[in-house]
Every structure is written in C-alpha cells, then in structure tokens.
Amino acid sequence: MSEAAQTLDGWYCLHDFRTIDWSAWKTLPNEEREAAISEFLALVDQWETTESEKQGSHAVYTIVGQKADILFMILRPTLDELHEIETALNKTKLADYLLPAYSYVSVVELSNYLASGSEDPYQIPEVRRRLYPILPKTNYICFYPMDKRRQGNDNWYMLSMEQRRELMRAHGMTGRKYAGKVTQIITGSVGLDDFEWGVTLFSDDALQFKKLVYEMRFDEVSARFGEFGSFFVGTRLPMENVSSFFHV
C-alpha cells in the first residue's frame, strides 16, 4: 500500500456562491432595500473585526457569467464558526434575494511532499502565514475544485511517495514562476465535499489565471492526474460599492 501524504491543516474555508433574484429585489420599496443593505454591511463589519484580530478572513467578489452573481469566501478556525456565519447571513433580509448557486467546504492545507526538518512546522512563521492567511484584496479571483485521477495506470493513489513528491515538486516550480502575479490558496476537502481539493487564485490581472492554469496543464501531474470541476471567476466588491451594486 502506498504511503499517504500527511497534511498541515489551517483554517476552515467556505466558498458560498449565490445568484441574486433581481426581479424580486426590484419590487422592494427603496427604504427596505436600503435597510437590507445596511443590515448586511453591519454583518460584514463583524467579519472585518474578526479579520483585524487575525481570527479569520473573508472576501466578497461578484462573479462574471451565469454560474453565480456573488461569492462570499470565509475562513475561520472551526467548522462551527463557518456554519454560524452562513446561518447569520441567511437570516438577513438581503439573503431573501440571494439564491444558493454553489458552495464548497474545505480546510486550508499544506502537504508534506516537500521534505522538511524536525522543527514543529506549526511554529514556523511562513507556514503559519500560509495556513492562517489574510485573504488578498486583489481585483480578481478564480476558484475551481479538482481531483487526482484514479484510473488504470493513471492512479495517483497507487504511486509511491517518492514519485508523488517528484511530480509535485515539478508542479510547484511552475507555480513559482507566477510569484508576485498570482496568490494561490489550496484547501483540502477529502471527506468534506465532492472534490478532493479547492484551488483559489487571486490576482490584479485576470489574464494571469489563464496563463498559470494553461502552463500547469503541461506538468505531468496535471496532464496525467488532474481532473477539474467548474471554474468561477469574479471581480472584487469593496464594501463602499455594495450600495451601488445593489442599486436598481
């Protein structure tokens, strides 16, 4: 039996995608729309406080295309806290007009494919920064779930640890070419959602998503073993722009 990779696990993550029922939203009197927006912004203020205390992070993006209209990405120390946030959002007036489109539950993950020393990795500042990240405030976001293939000779889970480590090392070298252009957060979801990992990319240049993903397709680990779900791409929604976004 092949050796399982050990993981370092950080904050839990929820990608909550919604579509907006614009037709119903337009029927609300203006005062009620403004009250709903104010209530939502008060909720986000709570998220901002949590982020300032480095007890979690969040991002809000509007999604381009018809798969969804808006994304709430939330990071918290526990699954219970994610559930509380999701429930609190669902109880707002605005949520009456936010229809579920897609969701993904996972946990920020680093694997042990790259060898490390004897030091406790959870005490290394750079490791902690990656496990408990404050999400970038970039202009664009790209999210997609993925699996490792388990078919015939292309069965990732039948490879030895050494083979997997070498393939991931080469894959990581491709990613490092985009340092400073794209920030990547990998979240593990085996046993938590339908795919095995979620990949979230942040950049101020959306074209870098295409370039990075395309170049990585030529890495053996992706060409032989990568299987992908739907891609979601969006633009950042600053809180000062929420009122204008929902204005009708």
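Glycine too: its Cβ is placed from the backbone N, Cα and C atoms.
Note that this is a predicted model, so its numbers are computed, not measured.
Database features (Swiss-Prot):
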- Arg130, Tyr144, Pro145, Met146, Asp147, Lys148, His171, Gln184, Ser222: Fe-coproporphyrin III binding site (BINDING)
- Tyr144: active site (ACT_SITE)
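Annotated features, which come from Swiss-Prot, shown on the structure.
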residue: Arg130; record: Fe-coproporphyrin III binding site; Cβ contacts under 8 Å, 6 or more apart: Gly10, Val108, Leu110
residue: Tyr144; record: active site; Cβ contacts under 8 Å, 6 or more apart: Gly198, Val199, Phe228, Gly229, Ser230, Phe231, Phe232
residue: Pro145; record: Fe-coproporphyrin III binding site; Cβ contacts under 8 Å, 6 or more apart: Tyr104, Ser189, Asp193, Asp194, Phe195, Glu196, Trp197, Gly198, Val199, Phe228, Gly229, Ser230
residue: Asp147; record: Fe-coproporphyrin III binding site; Cβ contacts under 8 Å, 6 or more apart: Phe195, Glu196, Trp197, Gly226, Glu227, Phe228
residue: His171; record: Fe-coproporphyrin III binding site; Cβ contacts under 8 Å, 6 or more apart: Met216, Asp219, Val221, Ser222
Neighbouring C-beta atoms (10 Å sphere around the C-beta of Ser222 (Fe-coproporphyrin III binding site)): 19
Three-state secondary structure, Asp147 (Fe-coproporphyrin III binding site) (per DSSP): strand
Secondary structure at His171 (Fe-coproporphyrin III binding site), reduced by DSSP to three states: helix
